[in-house]
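Listed in TrEMBL:
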COMPBIAS  8-17  compositional bias 'Acidic residues'
COMPBIAS  216-235  compositional bias 'Polar residues'
DOMAIN    91-362  domain 'Band 3 cytoplasmic'
TRANSMEM  448-471  transmembrane segment
TRANSMEM  483-512  transmembrane segment
TRANSMEM  532-550  transmembrane segment
TRANSMEM  706-724  transmembrane segment
TRANSMEM  754-773  transmembrane segment
TRANSMEM  794-818  transmembrane segment
């Protein structure tokens, strides 16, 4: 049975038929959202044209109206503003079926397109689906659709359980209000209950020539009339067929998805369009009506006279596209009458962009964007204030803004300034406490176990790389072993106790630059580098604790995306610069002989000669004096000869290398560059392997996650197989500092003048800026809204533990550790859980 809106339609029709003829009376809108009386609204309503024609009315969006908010916007604000206690409306699967003649014999409904987010068409003359693409609609079809909704039958919350019941209610309703002749009921019902051929079905032994007859035979009045005079009304089953249950497309739909069926076609027994929009009170399975076995909630039916097949097709595409639009989707579920649906179409028209016909080919299919624009902006536009056509709300900061504050991040409770001493820190602890135990239990998830291995390998390779660079910068006062130990201590403490354990602490590029500058400054001014560094670390830790106590982390909300990306680029550039610098240094140390000539190969030699003082012993005089110099300055055993020494032994015993072949080592530099560029190229290719067409999705994702470590292992194997003596990173075999001139504890006094302890506060300000910016920018990137983290952030608590670790690392002479942007992002990516279902063309969330 239909709802009260249709009863009002019938009553109004009976009265209006005596005065104005056969005109469909629109039901009055709710008083609270109606700006004109029903009588005034009727006068402006478009009249139906003879022979089923339609009069397209422009949407009431004049800039010269006295009201700044249109009636449609007012209605949408009222509809979307209603608070529903139930769940959000489910995802819709929309299917467009057209009435066609198959193989020149039977009229049946043929599926021609489908929507979840984007449109997919059945390719002409083929049996396959097109790639998902953005639906491009004609503006005229949208106006025609609006007229159809305005003049057609609207039945909301219909109670029916079969397609036969639905069709019978629609036809009875149209007969009662005078839109359909009673003698045409059987023909309409027979047409609407014809079989549905979905794209998954294939005709037996159907040739390509027969496929071409599908559309052409539909235009034959004789065939259509013959097919529609059958007495059978049971062509469509009430139960899902086997093809539906086996359809793999179900994997693209969530479990609670519902269907929206659009049926359009031309027949020869109607003189005016037969239009109906139906919303069922409860979604029900209507047999083989839909390609996939999901319950149907909406039906849109359009049957019309011959000769307008293309127009009917475009109107069907228009309503199907609207049903896939998030705003109209919500309005369709919440609409109470015809006017609500018209307001939804008007809102859609407000946002539509029109392309000039002479400057755009409509056959070109637009690829789905990688990131879909959020519908929250459109919803907020009606919740906040005035409606602006194709633009922002008056209070919006532009299309690219992220909210108020000039494009900063949205203010969450983690970044609110409390105004109390350590107020933010205490709130972070309270926020962290409920999730403390789950941080351990969640680690036993299979995806977390693979992330643990990935992050371990990532931090180890980073510690080796940074340790080597730091050793070169500080003459091994800090080296690989210190980097390993510092990574273990800082990483362990931070992951166990910090507010955001997804952030990975590591040594970063800016800190490396500061360490290099500080060591050079200490060496030039005869300062004890480790003691000077200790006091800088203590002052910096003090500054960080002051920032924690005063809730200074709230400044993070003013960091823009430009700041984040710029800082990330700086860190990456520093490591890239150091990598190329080290390769150039290696090329100088192991030069290639560019003047090498094959014919002169017999002349290339390298001999180890005695030092010049031993070549003419007679000039020295006393042989005892020669032996004493010999023993003190060379250490060469007396029974050894210089010509028998190797190159390294010759340098060790302070001999002299003589010959054309002494300076060039061609294989080492060349092999090092091959390993250098090969590792980079392979890691990039493996990283992009996730989007390749090879192997199953799980295998591709696994290879992509372990791209870096796989590339390193591959080229370590290549280096080992080739056997060239390329430079290797030296890691101590025993647990002791890299440099013999230092221990594991740095004494705070005795190495520098007393005023250096106070003067250290100045460079500590620079370290504090580096630490604060590096730590908090990385935290902002990790806590981005699109990552959809469930346990919140902890900016103040994170900075507190970074300050504590600064003190520990300074006293132990270990590198300083802050949040590492690249590794932290990799950590987030390795723990991402994508949605099990995603619409075709839509990126998994």
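These residue numbers are counts, starting from 1, taken along the chain as shown.
Glycine residues also receive a Cβ, built from the backbone N, Cα and C atoms like all the rest.
Quantities reported herein were computed from a predicted structural model and do not represent experimental measurements.
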When you check the transmembrane segment (483-512) against the transmembrane segment (706-724), do you get at least 3 Cβ pairs under 8 Å, counting only pairs 6 or more apart in sequence? no
Output the single range from 448-471, 532-550, 706-724, 794-818 maximising the number of Cβ pairs under 8 Å to the transmembrane segment (754-773). 532-550
Most Cβ pairs under 8 Å with the transmembrane segment (794-818), selected from 448-471, 532-550, 706-724: 532-550
In the same chain, which residue numbers or ranges, 6 or more beyond the ends of the transmembrane segment (448-471), come under 8 angstroms Cβ to Cβ? 442, 478-484, 487, 491, 504, 506-507, 512, 515, 575, 578, 582, 702, 705-706, 708-709, 712, 729, 731, 738, 815, 820, 823, 826-827, 830-831
Taken over the domain 'Band 3 cytoplasmic' (91-362), the predicted model's pLDDT averages 80
